[in-house]
Amino acid sequence: MYIYPDASAVVRDLAPDEPVILNRPHAAARAGRFFAEKFPGKSLYAVKANPSPDLIEILWASGITHYDVASIAEVRMVRGLLPDATLCFMHPVKTASAIREAYFDHGVRTFSLDTEEELNKIVEATKDAAGNVAADLRLCVRLRVSSEYSELSLASKFGVDLANAAPLLQATRQVADWLGVCFHVGSQAMTPFAYVQALDRVRAAIAQAAVTVDIVDVGGGFPSVYPGMEPPPLEDYFAIIHRHFEALPIAYNAELWCEPGRALCAEYSSLIVKVEKRRGEELYINDGAYGALFDAAHVGWRFPVKVLDASRSASEAEFAFYGPTCDDADYMEGPFMLPGDVVAGDYIEVGMLGAYGCAMRTAFNGFGRGEVVRVADEPMASLYRGDRADPRQSDNVVSLR
Ligand SMILES: *Cc1c(COP(=O)(O)O)cnc(C)c1O
């Protein structure tokens, strides 16, 4: 596949009327190597952040061997791509048929749960033809933790409360070969302290239940870089998580797991959009709330932008965007910083859309098509390149394959 040097070269070649997704395999591979080599445990890629088969194969090639899947469709898709990967079915509410197919047809042994009903469902669905309970289940009890340090909360939907955790951990211990405790601090956790607080809750749950724990899974939430969101280095997260993990009352050979989604794929993709119309400081562009810019519209996420015409040189101004559909909600407040003389017909590159961006496109209102190409230049921001405000010496020594 041809690799363009950068977004401007794509515009020169294609003059695209539809949005174009730009993928950067080298950036995803760098993120994969970083987690594979530096996280002090196993890293499970959370497939929902971006289920693109190309990306999954890049992560596999860069050392990511475990995948957090949340639906039977994700189980089938990843198993089809990667026959040797370890798949972990980490949605706490599954159908019996999904559990059965995952266990018997796709070799899945790890499941999460947050109720006794789900535990019983897993036990029943994985019994063999003679009615024997499976002896090789790895069951992770999902604990509810606070999302107060994260930009996107995941605190209300899943997880057993600490007050009810002990009986569930004990019941799970009875049938699990490996017993795990997992949680999710919310997405884009802006400080490692989010994990400290959650691990304190894990400690309390284990102490109350007095069970032997074999896996501690700290979930996702590892951040990427966006305008106004410059997180501390990931090494700080890893070091603090490791220290608090080591101090837990767990089996001596217990494993530490994490489930990064955003951090592994945010840098993978950006998007070229075209300005169809300008009205004051509002730009009507050809992607939006129903396309790759879902988070820009629905949770006010600010993505980095740049205009792809070098002759636009006025000082920067704040812009809001309208997407292409006829829905008023197809609006992105931003502010997005662009040269004040941007006009209809200009192309804009929107960066950091590899996570929860390019994966979210729909065909609503007839939009959502467009090409996907590869580019060789660097993402607009990176946690892995060593050019942040607080670069660590280790940033540039992630080994190359
Ligand atoms: C979404 C999700 C993740 C990934 O979260 P990020 O914030 O993208 O790292 C990990 N684990 C579970 C269970 C999830 O639902």
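From the backbone N, Cα and C atoms, a Cβ is placed for every residue, glycine too.
With a 10 A radius on its CB, Cys326 (active site, proton donor) counts 8 other CB atoms from all the protein chains. Under the heading active site, proton donor, TrEMBL lists Cys326.
Taken from TrEMBL, the feature domain 'Orn/DAP/Arg decarboxylase 2 N-terminal' covers 35-266.
Per-class residue totals from DSSP over the domain 'Orn/DAP/Arg decarboxylase 2 C-terminal' (268-350), listed helix then strand then coil: 6 helix, 38 strand, 39 coil. The domain 'Orn/DAP/Arg decarboxylase 2 C-terminal' annotation in TrEMBL covers 268-350.
Annotation source TrEMBL lists N6-(pyridoxal phosphate)lysine at Lys48. Same-chain residues at least 6 positions away in sequence with a Cβ under 8 Å from that of Lys48 (N6-(pyridoxal phosphate)lysine) are, in sequence order, Ala70, Glu74, Gly261, Ala359. Taken residue by residue with DSSP, Lys48 (N6-(pyridoxal phosphate)lysine) is part of a helix.
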